[in-house]
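I have placed the structure first, in the form of structure tokens, so that the comments after it can refer back to it.
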Amino acid sequence: MASAALPEPEAVQPRKKSNFKYAFTSAVCASMATIVLGYDIGVMSGASLYIKKDLQISDVQVEIMMGILSVYALLGSFLGARTSDWVGRRLTVVFAAAIFFTGSLLMGFAVNYAMLMVGRFVTGVGVGYAIMVAPVYTAEVSPASARGFLTSFTEVFINVGILLGYVSNYAFARLPLRLGWRVMLGIGAVPSALLALMVFGMPESPRWLVMQGRLADARAVLAKTSDTPEEAVERLDQIKAAAGIPGDLDGDAVAVPKRKGGEEKRIPWAIGLCIVSILAYVSFFSIGLGPLTSVYTSEVFPLRVRALGFALGAACNRVTSAVVTMSFLSLSKAITIGGSFFLYAGVAALGWIFFFTFVPETRGQPLEEIGKLFGMTDTAVVETEDHATKDKVKVTEMN
């Protein structure tokens, strides 16, 4: 009896290594779409100097040229959302790569400022597509055990793109003025072309497949990207429930029911509230805690420990950021996503009380005087004053 029961565990043996590699490869390929954003950030920081000199444009035109991409990317994000629901996440990545490819060539062959701005528009739309679809695809294809890790690759590849942009600046800086910046911008088409080719080896998002009624295809993808067969079945059941498909339906083609009534009316309002809330958060963070924490930390310490104090503040900032990032999924499962953000709001409220009550204003104060607001004195200054006093005493005694 014991020997007959031995083969049973092999039938449900987890396939973690091969499945994780497949999910990892798919997530990396999709996340590489965000390289285009990083590359533009990096390359424009250097290319703008040569563009200004070659095209004889003003500082205002340079500022518009560099900053307008974010506005165009906003449009691309909305278009990408519709496109990904229409043709699928995988083909949307191809669209993102193709649009950025076209934009890079337009900028590379630009003969004047107007043509360059057309290229910036096309590139911005491609960037918007990329930053929308990459994290969505990665989150939908990743197993629960590695979703946070794999989704973080979108940020990693933005930084990789920035590095490639700097390398491009360095590599082509010695070319003739009219050629150098055009090569810097035009060569951005290369990673886009490589990305478009790699996408064809990626699976489609199982959630999009379910929404199209293609349950068999979704089941096959989940079997390749889940840690165990049991998890694949569980994930499929959860996706079907979220799509409104009855659990007993298991055919290859299923009609996904559409919501009607009051629920449909509430969704646009909720989406609008989310967008407004995110924009408000980013706006207030960008004019408050974002830049001011580093400024304040660099001011409040006396000279003798200023570098060490700033390093300590930066370290605390990074550690706190890491703790929040690494604990969010577990926290949201424990107290729901809404509860997590209410908790963050409570911490922010306590922070406001602390700042308002205990943190002194340093505006207009010399660095050497700020320490006195905290009851500190600079040892170096005190020692200098002591030595000066002793020297005066010695001179007086000698006289």
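Yeah, the Cβs are placed from backbone N, Cα and C, and that goes for glycine too.
Given the structure is predicted, the values throughout are model-derived calculations rather than measurements.
The annotation transmembrane segment is assigned in TrEMBL to 22-44 (among others).
Per TrEMBL, the feature domain 'Major facilitator superfamily (MFS) profile' maps to 26-399.
Listed by sequence, the residues of this chain that lie at least six past the ends of the transmembrane segment (64-81) yet keep a Cβ under 8 A from its Cβ atoms are 37, 40, 44, 48, 51, 57, 92, 95-96, 99, 113, 116-117, 120-121, 123-133. Annotation comment: TrEMBL describes 64-81 (among others) as transmembrane segment.
Tertiary proximity for the transmembrane segment (93-111) is limited to same-chain residues at least six positions away from its ends with a CB under 8 Å from its CB atoms, namely 30, 33, 36, 76, 80, 83, 87, 118-127, 129-130, 133-134, 137, 182-183, 185-189, 192-193, 195-196, 199, 202. Feature annotation from TrEMBL assigns transmembrane segment to 93-111 (among others).
Here the transmembrane segment (117-137) has Cβ contacts under 8 Å with residues 30-34, 36-37, 40, 65, 68-81, 83-84, 89-90, 92-93, 95-108, 110, 151, 154, 185, 188, 192, 205 of the same chain, all six or more residues outside its ends. According to TrEMBL, the feature transmembrane segment maps to 117-137 (among others).
Annotated transmembrane segment per TrEMBL: 149-167 (among others), in sequence order.
The transmembrane segment annotation in TrEMBL covers 179-201 (among others). Tertiary proximity for the transmembrane segment (179-201) is limited to same-chain residues at least six positions away from its ends with a CB under 8 Å from its CB atoms, namely 25, 29-30, 32-33, 35-36, 39-40, 43, 46-47, 50-51, 54, 90, 93-94, 97-98, 100-101, 104-105, 107-110, 119, 123, 126, 161, 164, 168-169, 172-173.
As annotated by TrEMBL, transmembrane segment applies to 267-287 (among others).
Marked as transmembrane segment by TrEMBL: 341-359 (among others).
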